[in-house]
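Visitor: Quick one: the structure is below, questions incoming.
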Amino acid sequence: MSSSKVAVVTGTNSNLGLNIVYRLIERSEPEDNLTIVVTSRTLPRVRECIDLIKAFVNTINRTGSVDYDYLLVDFTNMISILDAHYSLSKRYDHINYFFVNAAQGVYSGIDWLGAVKEVFSSPLEAVTNPTYKIQRVGVKSKDGMGLVFQANVFGPYYLIQKLLPLLQAGQGTVVWVSSIMSAPKYLSLQDIQLLESDVSYEGSKRLVDLLHSATYKEMKKLGIRQYLTHPGIFTSLSFFQYLNVFTYYGMLFLFYLARWIGSPWHNIQGYKAANAPVYVATMANPHFEKEQMKYGSATFRDGLEYIKTDEVDTTGCEDVYKYISNLKLQWDEKLKDQIKPTRIPL
C-alpha cells in the first residue's frame, strides 16, 4: 500500500545534502509518493538543487511520484526561521523526515605552514583531525547570537520545536548530522555560543551531540525518533575556495591513502557520506538501534560502505539543554508579534 511522505532536508544544496536526498529516494518504498522540501537561502540554489534531483529521479525505477517543494530559510535569522515554520505548517499536515544538515562555518583560510608540518609529521591525523583551518573568532549574527551557534545548533533546534505537531502527525524521524570532529575539547560550557572559540564549527558539532543526548528521550515520548549521525570525511564544496588544483588533488590523494592504511572514516564521496543519515531514517529498527549512539558513515579499504557506531560522552548535556531551552523561551517572547495576521490564510 502506497503512502505519502514528506522530507525536509536542510542544507540541500551542499554535497552531503543532495546525496541525502538521492539515497532517501533510493531507500524509500518504490510505491511511496515522496515530497522533497529543498531548503536554501537563495532561490537560484533551490532551482539548481531541484534540477539535479529531477535528473537523478529520471535514472531510477519507481512507481510512486517524487514531488518538489522549497523553503527559503536562513538559520542565522530568527524571523526567517519563524517564517519557515509558518510556511511548512500551512502547506503540510505531517512531516516524516527532518534532516538537520546545517554546516556553516566562519573560515578565513588555511595555515599552509601548519598544514605542511601536519601532513609530513602525521599524514593520517592531518586529514582526519586537522588543526590548520583558520576560523574567525567572535562572529555574531544580525540577531546578536554567535553565528555558527545559531546556524548549526539553535536555529535548527528552534524550527524543530515549532514543527513538533507536524513531526508527531508523521511519526517523524529527526536526523542530526554531527561531525567526526566533535570531541569535548572543542567546547567550553562557559562559551556555549562559541564567541570566544577559534574552533567554532567543531564546537557547534559538540553542541549537536549534547543537545541530541539531552532531548531524544523526550522526542521518543512524542512518537518522534531522533538519531545522531556523522558523515565521516568527504569532499565538501564549501572549502574548495581555499584550494587550487594541486592542493585539491593532493588532498584527494591523502584521503585515499588514509582509507588504504585503515581509516574507516574517509568516505571521500558525498554519496557514501550520506549513508548513515539515511540509514537511521529509513532502515534503523527502533527496537535495536539505540538512539543514544552516534551512527557514522564508514568504508572499508576497498570502498565498501558500512555503518559504524560510537558512544557519546554526554558530560554537560543538561547544562547545554538548560541554556538552549531558556534561550528558546526568550526568542518565543521576542518573536510573538513578528508574524502578522496577513500571513494567516483567510
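Glycine is no exception: its Cβ is also placed from the backbone N, Cα and C atoms.
What Swiss-Prot records for this protein is below:
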{"type": "BINDING", "residues": "L16, T39, R45, Y201, K205, S236", "note": "NADP(+) binding site"}
{"type": "ACT_SITE", "residues": "S178", "note": "active site, proton donor"}
{"type": "ACT_SITE", "residues": "Y201", "note": "active site, proton donor"}
{"type": "ACT_SITE", "residues": "K205", "note": "active site, lowers pKa of active site Tyr"}
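I'm curious about the neighbourhood of these features; can you describe it?
Guide: When Cβ atoms from all protein chains are considered, those within 10 Å of T39 (NADP(+) binding site) total 26, not counting its own.
If you draw a 10 Å sphere around the CB of S178 (active site, proton donor), it holds 24 other CB atoms from the protein chains shown. Secondary structure from DSSP puts S178 (active site, proton donor) in coil.
In this structure, Y201 (NADP(+) binding site) is part of a helix by DSSP. Using a 10 Å Cβ-Cβ cutoff, Y201 (NADP(+) binding site) registers 22 neighbours.
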Visitor: Count the Cβ atoms, other than its own, that fall within 10 Å of the Cβ of K205 (NADP(+) binding site), considering every protein chain shown.
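Guide: The answer is 25 other Cβ atoms.
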Visitor: Using all protein chains in view, find how many other C-beta atoms are within 10 Å of the C-beta of L16 (NADP(+) binding site).
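Guide: So the number of other Cβ atoms within 10 Å of L16 (NADP(+) binding site) is 25.
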Visitor: Expressed to the nearest Å, what is the distance separating K205 (NADP(+) binding site) and S178 (active site, proton donor) at their Cα atoms?
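Guide: Approximately 5 Å lies between the Cα of K205 (NADP(+) binding site) and that of S178 (active site, proton donor).
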Visitor: Report, in whole Å, the straight Cα-to-Cα distance of S178 (active site, proton donor) from S236 (NADP(+) binding site).
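Guide: For S236 (NADP(+) binding site) versus S178 (active site, proton donor), the Cα atoms are 14 Å apart.
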Visitor: Measure the Cβ-based neighbour count of S236 (NADP(+) binding site), defined as the other Cβ atoms within 10 Å of its Cβ.
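Guide: Excluding its own Cβ, S236 (NADP(+) binding site) sees 15 Cβ atoms within 10 Å.
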Visitor: Return the count of C-beta atoms lying within 10 angstroms of the C-beta of R45 (NADP(+) binding site), excluding that atom itself.
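Guide: Excluding its own Cβ, the number within 10 Å is 17.
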